[in-house]
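This report refers to the structure that appears directly beneath it.
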Amino acid sequence: MSDSKEPSVQQLGLLEEEQLRGLGFRQTRGYKSLAGCLGHGALVLQLLSFTLLAGLLIQVSKFPSSISQEQSKQDAIYQNLTQLKAAVGELSEKSKLQEIYQELTQLKAAVGELPEKSKQQEIYQELTQLKAAVGELPEKSKQQEIYQELTQLKAAVGELPEKSKQQEIYQELTRLKAAVGELPEKSQQQEIYQELTQLKAAVGELPEKSKQQEIYQELTRLKAAVGELPEKSKQQEIYQELTQLKAAVERLCRPCPWEWTFFQGNCYFMSNSQRDWHDSVTACQEVGAQLVVIKSAEEQNFLQLQSSRSNRFAWMGLSDLNQEGTWQWVDGSPLSPSFKQYWNRGEPNNVGEEDCAEFSGNGWNDDKCNLAKFWICKKSAASCSRDEEQFLSPAPATPNPPPA
């Protein structure tokens, strides 16, 4: 390797020598030494390059530690910035802070003017409660609604009568309460009223107009007396008179029992409970009557009106149970062709084995016999003599109405 390089060095030396000669330099011993040194210049340059590279590597090897230190320093700065940003984020805008500061200043001045410590404590507690209450206030629309209601209430209070008028009303209420306290108990008042009502109805059915008029006048006077309600002893006296009058009326001849309605010589009972058609027939038979059989247009109009007023569907004694399409009454009589006009439009239609007739709205309807409905019983009214003795004699025994 050294042998191959020596010719190149020699050639470089010869070339340099020729160039120097061309420039007027003379060849001397020193001159030859300089040429030799220059022949070794490439090697020196290589050594310098290696030296610089080694130094550079050493410096680069030191960079990671400095970079790591710089990074940790940057992290610390970043953390400080983050904390500062969070603290700044909690602050309100400057104007808001100024407003709060001013309010605090005013509050401090006001507190300085407060009375003794106990009073300050009381005010502080009230402020705390007020603050809590304000925090619980609803949204603005709800507040507006409450405000309007308060305004209306204030206006209503403003319309109240003056204090003296209120006092007068209060005294009047007190006197009324005392008067009510002197009345007999409610059950007895109710009993008196019911007996008056029943007596009035019974008197309305009595024969002989002159006798009815006398009793009716007596009842009117008694009713007026009860309406005035004098002291308790007087009320007791009236109650005893009513009891005696009721006993006298019970001995009178009445064409129909209590709770029955008289019409054209017959008595009718309108039930207050419901049964199927067959049980309704039985209920009427048990009181000496029958499920109503209609004999005239007047009777039909009377019964239809009673049913419509009470808004009830009520059984009548009509069915086609024996033969489909052939309607007959419970007394065995067939339905008169002239009565077919009382059927509601489209009836009877026998939808689902509807074999029994009822009062429905303004006419008749056929329905299933096993359905529970109200019912109407009918029987003849009792006859009464116009003779005074007969008039005051006990009436013939009459069955009680069927259980309603």
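Heads up, the Cβ atoms here are built off N, Cα and C, so glycines get one too.
For Glu347, Asn349, Val351, Glu354, Asn365, Asp366, the entry in Swiss-Prot reads Ca(2+) binding site. Sequence-distant neighbours of Glu354 (Ca(2+) binding site) (same chain, six or more apart, CB under 8 Å from its CB) are Pro348, Asp366, Asp367, Lys368, listed in sequence order.
Annotation comment: Swiss-Prot describes Cys256-Cys267 (among others) as disulfide bond, evidence class sequence analysis. Long-range Cβ proximity for Cys267 (disulfide bond), meaning a same-chain Cβ under 8 A and a gap of 6 or more residues, is found for Pro255, Cys256, Pro257, Trp260, Thr261, Ala289, Lys378, Lys379, Ser380, Ala381.
A sphere of 10 angstroms centred on the C-beta of Cys377 (disulfide bond) encloses 25 other C-beta atoms. Annotated disulfide bond per Swiss-Prot: Cys284-Cys377 (among others), in sequence order, evidence recorded as sequence analysis.
For the recorded site, Cys369 (disulfide bond), the DSSP three-state label reads coil. The 10 Å shell around the Cβ of Cys369 (disulfide bond) contains 19 further Cβ atoms across the protein chains shown. Per Swiss-Prot, the feature disulfide bond maps to Cys356-Cys369 (among others); the stated evidence is sequence analysis.
The domain 'C-type lectin' annotation in Swiss-Prot covers 263-378 and rests on sequence analysis. Residues of the domain 'C-type lectin' (263-378) grouped by DSSP class, helix first, strand second and coil last, total 29 helix, 35 strand, 52 coil.
Listed in sequence order, the same-chain residues six or more apart from Asn80 (N-linked glycosylation site) with CB atoms under 8 A from its CB number zero; the list is none. In the three-state DSSP scheme, Asn80 (N-linked glycosylation site) falls into the helix class. The annotation N-linked glycosylation site is assigned in Swiss-Prot to Asn80 on the grounds of sequence analysis.
Model confidence over the repeat '1' (96-118) is summarised by a mean pLDDT of 63. Positions annotated as repeat '1' by Swiss-Prot: 96-118.
Here Swiss-Prot flags 119-141 as repeat '2'.
The repeat '3' feature in Swiss-Prot is assigned to 142-164.
Taken from Swiss-Prot, the feature repeat '4' covers 165-187.
The repeat '5' annotation in Swiss-Prot covers 188-210.
What Swiss-Prot lists as repeat '6' is 211-233.
Among the features that Swiss-Prot reports, repeat '7' is placed at 234-257. Per-class residue totals from DSSP over the repeat '7' (234-257), listed helix then strand then coil: 17 helix, 0 strand, 7 coil.
What Swiss-Prot records for 31-34 is motif 'Endocytosis signal', and it gives sequence analysis as the kind of evidence.
According to Swiss-Prot, the feature topological domain 'Extracellular' maps to 59-404, an assignment based on sequence analysis.
As annotated by Swiss-Prot, transmembrane segment applies to 38-58.
Here the binding-site residues are Asn349, Asn365, and the one with the most other Cβ atoms within 10 Å of its Cβ is Asn365. The most densely surrounded of the recorded positions Cys256, Cys284, Val351, Cys356, judged by C-beta neighbours within 10 angstroms, is Cys356. Comparing Asn349 (Ca(2+) binding site) with Cys369 (disulfide bond), their Cα atoms are 14 Å apart once rounded. Between the CA atoms of Cys369 (disulfide bond) and Val351 (Ca(2+) binding site) there is a gap of 12 Å. Cα of Cys284 (disulfide bond) to Cα of Asn365 (Ca(2+) binding site): a span of 21 Å. Cα of Cys356 (disulfide bond) to Cα of Cys377 (disulfide bond): a span of 16 Å. The Ca(2+) site, placed at the center of the C-beta atoms of Glu347, Asn349, Val351, Glu354, Asn365, Asp366, has further neighbours from the same chain whose C-beta lies within 8 angstroms: Gly346, Pro348, Asn350, Asp367.
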